[in-house]
Amino acid sequence: MATPDATSSRSRSPSLGKGMTKESPPRSAREEEKQKKVQGSEEQRGSPSKTKTNSRASAISRRSQAQEKEEEEEEEEEGNSNFSLFPDSDSFRPIKPIQAFVRVKPTAHFARDMIKFGTDNKSIDIHIEKDARGGIVNNSSTDWSFRMDGLLHNTSQDKVYETVARDLVAAALRGYNGTIMCYGQTGAGKTYTMTGATEYEHRGIIPRAIQQVFQAAKESPGLSITVLISYLEVYNEALFDLLGPGSRNTPLAVLDSPQGVCVKGLSIHPVSHEKQALNLLSEGGTNRAIAEHALNKNSSRSHCIFTIYIECHSRVYRNLKGIKSKITLIDLAGSERLSEVPSAGHIRKENFYINRSLTFLEQIILALADPWRDHIPFRQSKLTHVLKDSLGGNCNTVLVTNICGEAAHVEETLSSLRFATRMRWIMAEPVANVTFEQEVSVKALEEEIDLLKHELTMKDMFENRLVTYSPLTGAQRAAIKSQVHKYLRGDIEEIDIVNIRQIQEVFKQFKAIISQQEKDIEAKLRSKYLLGDRGESKADFGSEVGEEVEDEEKEDKEKKDKAGVADLDAGLVQEVEKLQREALETGTSSSSPVPGEKKEDKKSEEQIK
């Protein structure tokens, strides 16, 4: 409500219309004459100031046109890059709100005085007159304004799909999860929007999404796309498989796993073509709980969740990337007021569970919209628990709110628009589900190794080198061992080496020879000087004689050690050097001999070459 001051100021300074300019303050007669003289002189001289301004304006316009053209080219490049199959994991992931659209059911009794649409086709205004029963002092609101991502009024099924679902399904083919949910009162057209009618042109979102997925698979022969389908029903807080072989007496259970939420016992059916998927959709629709209602003869009395699973990877083994995504299509049961349903009976019980689950769903929406909320109560109902991975988060989410345009349902329309507004508060950050298959990676690595071997072989052929890159055989190892021993004895000056495997084997043989020599030298020293046994015998002798004898022997030992320690050390050093020379002279005598070594030396050397 505007204040009097604001109203008066608004009346004193009216807004300027199109083509109107603001009047300048009055000037004196002398200033006007001076201005006329300046203008006349400029006209006589060709008005250089005007030409300068015109040239400057033209330059600015050309520059702005060039900038606009560059921006359009950048937008086209970004649009083309969005259609790549495998997204870049390092690319920027935008955070965006959930999209909400409103679809109005066509009716001959549209309440034009109560429901008005904006000219931008995105805003909707609701006006409700105050109830006379509220008394003289009635502070209830009468006007509400809502802003959505789009209004779908008197639109065809094709236009609805193009606006709501086509981009979401295309993103799912690139690895992004997507969710489309229809919400509204009973009889507002949710099932018609999601499933459609029997006529081909009146198909809903689900059949058209199936067609788009298989059309993309047909147009991509270099890709292997696998499509699977499941159909779940939530009826009276119980889960049922609409495509399962069992009866409705065996409800399913919801489980949390590291990969996300899963329904234990839910059947997932692989489909190879569009017709097979449509047959499963029709089969699940016949198993759905439907009852006659005052607002709809075939009213859906349960929430249904149709899921399309997509697995895609390249047919070329070198491309290790794959994607896994799912499209969750939710047809919610209609919200109803208890005053509009029978006071008792089966329908009232169904309505109780429907409203209960929708109330919990709205609480989840409010919790997700609050950035400071730590805990989200998804487990309050089966519906919210199943939709834990499908509401915001890392998937693209779109809400279609179905409303009735009649005056009798304006309160339900207002409630549905409030729900849609709260959904738009939720922020989503879509993330592509890119996978790497182990079998594909192993196959690709094997092919890469074979290719590198062929390239090395070709290079060796051009350089006139005969090199093999396969593992060494037993004969080749024996030949390398013989060459190492000959090299240590001085019989040869070089060891023939042509690849890395032979270098590794040469070092291995050197290590074996050194370790064997150390063992032989240690054994000879122990046998000659009784190392280790001497201390034990002395300990036994000391224990028998006593402490006095031990002290005398220790004194004698210290005297002897001082006198002959230098001679013992010198003798040990000479002995070790002598044993090392003997080991080198004997060559292979200290290690395990190779049978037929002398006869096969020439053959082994030829094999290495």
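Note that Cβ sites are derived from N, Cα and C of the backbone, with glycine treated the same way.
Note that TrEMBL annotation is computational and uncurated.
Feature list (source: TrEMBL):
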type     : residues                                                       : note
BINDING  : Gly184, Gln185, Thr186, Gly187, Ala188, Gly189, Lys190, Thr191 : ATP binding site
COMPBIAS : 1-14                                                           : compositional bias 'Polar residues'
COMPBIAS : 20-45                                                          : compositional bias 'Basic and acidic residues'
COMPBIAS : 55-64                                                          : compositional bias 'Low complexity'
COMPBIAS : 69-79                                                          : compositional bias 'Acidic residues'
COMPBIAS : 545-555                                                        : compositional bias 'Acidic residues'
COMPBIAS : 575-584                                                        : compositional bias 'Basic and acidic residues'
COMPBIAS : 596-609                                                        : compositional bias 'Basic and acidic residues'
DOMAIN   : 97-426                                                         : domain 'Kinesin motor'
REGION   : 1-90                                                           : region 'Disordered'
REGION   : 538-609                                                        : region 'Disordered'
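The structure, with features from TrEMBL marked on it.
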| residue | record | Cβ neighbours (10 Å) |
| --- | --- | --- |
| Gly184 | ATP binding site | 28 |
| Gln185 | ATP binding site | 25 |
| Thr186 | ATP binding site | 24 |
| Gly187 | ATP binding site | 21 |
| Ala188 | ATP binding site | 27 |
| Gly189 | ATP binding site | 20 |
| Lys190 | ATP binding site | 26 |
| Thr191 | ATP binding site | 25 |
Looking at the domain 'Kinesin motor' (97-426) alone, can you tell me the average pLDDT?
86
